[in-house]
Amino acid sequence: MIDINLIREKPDYVKERLATRDKELVSLVDKVLELDKRRREIIKRLEALRSERNKLSKEIGKLKREGKDTTEIQNRVKELKEEIDRLEEELRKVEEELKNTLLWIPNLPHPSVPVGEDEKDNVEVRRWGEPRKFDFEPKPHWEIGERLGILDFKRGAKLSGSRFTVIAGWGARLERALINFMLDLHTKKGYKEICPPHLVKPEILIGTGQLPKFEEDLYKCERDNLYLIPTAEVPLTNLYREEILKEENLPIYLTAYTPCYRREAGAYGKDIRGIIRQHQFDKVELVKIVHPDTSYDELEKLVKDAEEVLQLLGLPYRVVELCTGDLGFSAAKTYDIEVWFPSQNKYREISSCSNCEDFQARRMNTRFKDSKTGKNRFVHTLNGSGLAVGRTLAAILENYQQEDGSVVVPEVLRDYVGTDVIRPE
């Protein structure tokens, strides 16, 4: 959530930054200013009416002691009460609308973020590794997986419908190996491993910015008013909701493996085949809760931590800085890491690493006590995939495929998997 004081004091700046995302967002700022003005007018009027009521109440007591008639003043007090009740209800509605409007406004892009409309305006930062030159036509991962008997799309559809897959045999072992490898790597770097709930309350999703804007993309358990998590970022970041942290305990590094559940409401026709875009997929998440002064240094380190997974797996990739029009709702700055897919002859996103600054912290009310000023300040929150497991598995199948249909297991995974090569069963 954007600081309403910033909107009050620098409305033109806020509008300018939001317009780099989408010009239509400017109208939300005007609505906030209008509601905020009305709110303050009501509060001022209420204070005046309450003051008058208090004075008259004292006057009634005085007149009664003197044995004088108080009918006229009592009638006025009754009128004041009715007016105060009406204004208090109006204030409640205005404040609710103001809060809801603020919840729909995305984060302000950091000034360093390149201005652009969509992914075509993203800026490549660096590449690592050389894409393998095949002496045969590389097959797509879904074809490789089906031939190996490790990806079963028909049975996945039989069980749950489209965009669900059964991963079996050596594929299941490879999936588990990737999860353990990623968690082992991150915990050695100081990330604390967490096993969070997969069902969360609505306010938890409001905290990280999925609600209210992205409700259509979430799975909801109506009877219990709980949502399946779309990413472990949601429970991990909210662990410190409504808390005041000690400055000396920052930074906090967290990691978790969870399945993620997404309706993919806006993905019709995209990545229909394979396991690139699923309703349920595994992911290892990285979350940082840090001091505001260090958050951009922490972002660069976060990207490096995600990159190291791909480097150790020997998978070629590139790092891309997202432009303003392609930024996620809660992010002030984001780097995407894209891994090479030979069958598509292009890089595909496998990790997104973002600094949300204090945007999520304001929604969660997560603060720390500043040792210099003694005042409470909002923390900065960061998150990144470390990595999306299914996409990593797909990238391994494609980059390590052999002409005979087998797949070589990356060296760092062999002890986890228990074999050097996966062959057709």
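Glycine is no exception: its Cβ is also placed from the backbone N, Cα and C atoms.
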Item checked: Which of E285, E338, E425 belongs with T231, A232, E233, S385 in the L-serine site listed by Swiss-Prot -> E285
Item checked: Alpha-carbon spacing, A232 (L-serine binding site) to R262 (ATP binding site), which is rounded to whole Å -> 12
Item checked: Chain-internal residues, separated by at least six, CB under 8 A from R263 (ATP binding site) -> E216, D217, L218, Y219, H279
Check: When you measure from the Cβ of S385 (L-serine binding site), how many other Cβ atoms are you left with inside 10 Å?
Finding: 26
Check: Between E285 (L-serine binding site) and E349 (ATP binding site), what is the CA-CA distance rounded to a whole number of Å?
Finding: 15
Notebook entry, point to check: Over the residue list T231, A232, E233, E285, S385, recorded for L-serine, what is the maximum interresidue Cα distance in Å?
Noted result: 9
Margin query: Test of understanding: give the count of other CB atoms lying within 10 angstroms of the CB of E264 (ATP binding site).
Written below: 14
Checklist line | Site of maximum Cβ density within 10 Å, from binding-site residues T231, S351, S352 | finding: S351
